[in-house]
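Over in Swiss-Prot, the protein carries these features:
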type     : residues : note
SIGNAL   : 1-23     : signal peptide
TOPO_DOM : 25-537   : topological domain 'Extracellular'
DOMAIN   : 28-206   : domain 'Eph LBD'
MOD_RES  : Ser570   : phosphoserine
MOD_RES  : Tyr575   : phosphotyrosine
MOD_RES  : Ser579   : phosphoserine
MOD_RES  : Tyr588   : phosphotyrosine
MOD_RES  : Tyr594   : phosphotyrosine
DOMAIN   : 613-875  : domain 'Protein kinase'
MOD_RES  : Tyr628   : phosphotyrosine
MOD_RES  : Thr647   : phosphothreonine
ACT_SITE : Asp739   : active site, proton acceptor
MOD_RES  : Tyr772   : phosphotyrosine
MOD_RES  : Ser869   : phosphoserine
MOD_RES  : Ser892   : phosphoserine
MOD_RES  : Ser897   : phosphoserine
MOD_RES  : Ser901   : phosphoserine
Amino acid sequence: MELWAARACFVLLWGCALAPATAAQGKEVVLLDFAAAGGELGWLTHPYGKGWDLMQNIMNDMPIYMYSVCNVMSGDQDNWLRTNWVYRGEAERIFIELKFTVRDCNSFPGGASSCKETFNLYYAESDLDYGTNFQKRLFTKIDTIAPDEITVSSDFEARHVKLNVEERSVGPLTRKGFYLAFQDIGACVALLSVRVYYKKCPELLQSLARFPETIAGSDAPSLATVAGTCVDHAVVPPGGEEPRMHCAVDGEWLVPIGQCLCQAGYEKVEDACQACSPGFFKFEVSESPCLECPEHTLPSPEGATSCECEEGFFRAPQDPMSMPCTRPPSAPHYLTAVGMGAKVELRWTPPQDSGGREDIVYSVTCEQCWPESGECGPCESSVRYSEPPHGLTRTSVTVSDLEPHMNYTFTVEARNGVSGLVTSRSFRTASVSINQTEPPKVRLEGRSTTSLSVSWSIPPPQQSRVWKYEVTYRKKGDSNSYNVRRTEGFSVTLDDLAPDTTYLVQVQALTQEGQGAGSKVHEFQTLSPEGSGSLAVIGGVAVCVVLLLLLAGAGFFIHRRRKNLRARQSPEDVYFSKSEQLKPLKTYVDPHTYEDPNQAVLKFTTEIHPSCVTRQKVIGAGEFGEVYKGTLKTSSGKKEVPVAIKTLKAGYTEKQRVDFLGEAGIMGQFSHHNIIRLEGVISKYKPMMIITEFMENGALDKFLREKDGEFSVLQLVGMLRGIAAGMKYLANMNYVHRDLAARNILVNSNLVCKVSDFGLSRVLEDDPEATYTTSGGKIPIRWTAPEAISYRKFTSASDVWSFGIVMWEVMTYGERPYWELSNHEVMKAINDGFRLPTPMDCPSAIYQLMMQCWQQERARRPKFADIVSILDKLIRAPDSLKTLADFDPRVSIRLPSTSGSEGVPFRTVSEWLESIKMQQYTEHFMAAGYTAIEKVVQMTNDDIKRIGVRLPGHQKRIAYSLLGLKDQVNTVGIPI
């Protein structure tokens, strides 16, 4: 036995010396280390001299010690090995690491029937060191220690002893110290190492908060809450939480709460707050770095919170500190006043110096002077402006209802956001004299064979200055004589005229200062003698003529509709363009009309050799097979470009082959920036492939859901404009897509959207009213126009309806249209007049365009050319996108009103968050203490930001959802 132990010791310690130490977590404080003590501990054995024995071996000129026991042939055993008394110190839970080896009982002669392969570990707490007084009853069993590997006979022949490492923990400890004891019950064991330690969470500096070294707790499930302190020049942000972390039993820091931020004038540099350098500033408590002082500011000292403006420059209250200081603009440049009767048109050019700002507006004031007295004063309120005279953004305005024979002086002042901070004004003036009244507006009231009844009108403010009106009339062609009638009224009947004769009539106002402006010369004709006697007959004939003209016009209109592309606007709908679209130079050819689809492929596509294509990884599965990302060698062979590769699966049917090649024949005819580009096909080898350009961001609907809330409205509208441009191109080629949806739009790395997936697409005939009737195939109900669902007929107008749904998908970041409604419910709702509600933060102009796309009558929907034009105008005028459509979160954010069939509100916070697709924030709510619906409904907008919801779109979605959630909770009477 002893010979085996000595031999095992040598081999075992060789393996032990090479074994790496177990990686420890947290900071370990060692209380006892048998291996490091070098045999000087002198542990107590019981019974003395019969069981455990301390053995020594020499390795690398160093003594190696271990306790071993191997009384396997002597019947039942009860051998104890007790450590010295160990002072606990501040430890509450201790960890015990054992390294040992156990010999296989079958390696002994006869199998040693009493042999065991385990031993027991005990501990006892005490406030005193009992010395050599050993009492078993004081010890409590920790565990039975069993090896993972035992050393068998063949291991001895190979001089390899298998080392086991086990770790146990004990706690909480309450006495001053403790003993450990090892009980042998008949095993052959060598104990090489006993290491006892406890754990601390180390001192930590995180998020500009310092956390002290903390002793790990004794109870595994619990976490010790530790308050942190902000580093110098860092503070808890307003409304934020004090920094806290939790020290786990294994010495790891967990669950950080709160944070510190550098105060104004300081920025974060590594783990400290450093004062802003001279010439830099930081004006708030935030994570942002110090900013360089903007233009027209004075150099700032170290640690500045702002930069003072240079003399003559200012900062408006609403200006951010990072904005350069600015000054008022110079006066408007080149002001002109052009008189037009009783109107004056004022025009000017912008100031040559804008003061560094773009918020320039203009104010127009008017002063009138009486020529007789020379007195001047503000213009009377009766003067009218074509638009409000204050806050003008345009550089022209028309002033009307001016009085005749009056001098006017107009002042145009340029102002910007800092003009109110100075007393000086930047203006330019122009004067004009009004010498005449506005010309009368003349109309014919009635006529006979010998008379004409004429009336006229002038603006009311001028009527008081007119004392009479002069009517001049003469026969057309007679320049030698004329007649004059004067009257104080606004009408006159000219008698004694020749029948069936044309007269030239002019009316002029007369004032005390002289003649006013004359009206236009009008031509009026008296009736012929025959015409007056047969008026009824003529009236009847006129009615017939009008009816014939209407019928002829209707026939001509129908002929035009059949000949040209269908024009879908109605006479009273001026929202869309009325111009006729020209026929495209190129018309789409349906590959299915070819007897052999290979002919269409040869005509419209490029055949690629398989050696030029490399498939790299599967990125999806299509209708015909798998879709790969790969590379395509260019014609020069020197460059490879990324491509998407669509394959035709093995075992395909003839119809699948024809449809697969047909899709390639379709794509090969298109060439547009917003249509997916076909690189070529492999049709002569298997598997057949369609190679297209690679779109890095994939399908639009999935991409938007992943980037929820990250884009500006202008970026979203730009995406829609690209899709509309692609569809305009298809429509101009007489092509109907039939499956336009966000899932069939692909997005590249530059956010360019391209129309793809032409599997359901079909061609329109030359007839602009042509449709395509399906053969019973599936129709994407949520995206399809009602007439296409009901009659299985598709037109470009039905594609416009689908585009409206795509607009809604984009503005909602990939929401499912009509949410959880079934297809049957969707069709019923549409036929009942329901339309998808306003998306959150959707510009009014965009939602109006959606509603136009969803007109029940397809003839009233816009064309894609109209849509592109409208979107272009909105993009060129971004301010037009700032007006948001009315938004009702209870409708526009689809919230199930209850959870479960019994009408009970959401039972859990996670269930509610999942219903609004915000489940990624579940842990944020839990960590911040919002663990129940009753707590959630009390949250404010600041609370939502505080728990870590950073994206504005997500903040609004949760906030709007809370409105409906509060209603639900109040309805069922849950107290909040």
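Yeah, the Cβs are placed from backbone N, Cα and C, and that goes for glycine too.
Positions of Swiss-Prot features highlighted on the structure.
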residue : record                       : DSSP class
Tyr588  : phosphotyrosine              : coil
Tyr594  : phosphotyrosine              : coil
Tyr628  : phosphotyrosine              : strand
Thr647  : phosphothreonine             : strand
Asp739  : active site, proton acceptor : coil
Ser869  : phosphoserine                : helix
Candidate recorded positions Tyr588, Tyr594, Asp739, pick with smallest Cα gap to Tyr628 (phosphotyrosine): Asp739
Integer Å distance between the CA atoms belonging to Ser869 (phosphoserine) and Thr647 (phosphothreonine): 38
Cβ neighbour count (within 10 Å, all chains shown) around Thr647 (phosphothreonine): 21
Among Tyr594, Asp739, Ser869, which are recorded as recorded positions, the nearest neighbour of Tyr588 (phosphotyrosine) by Cα: Tyr594
Asp739 (active site, proton acceptor) to Ser869 (phosphoserine) - Cα separation in whole Å: 23
Cβ packing number for Ser869 (phosphoserine), 10 Å threshold: 16
Tyr594 (phosphotyrosine) versus Ser869 (phosphoserine) - Cα distance in angstrom: 37
Tertiary neighbours of Tyr594 (phosphotyrosine) (same chain, Cβ under 8 Å, six or more apart): Ala600, Gly665
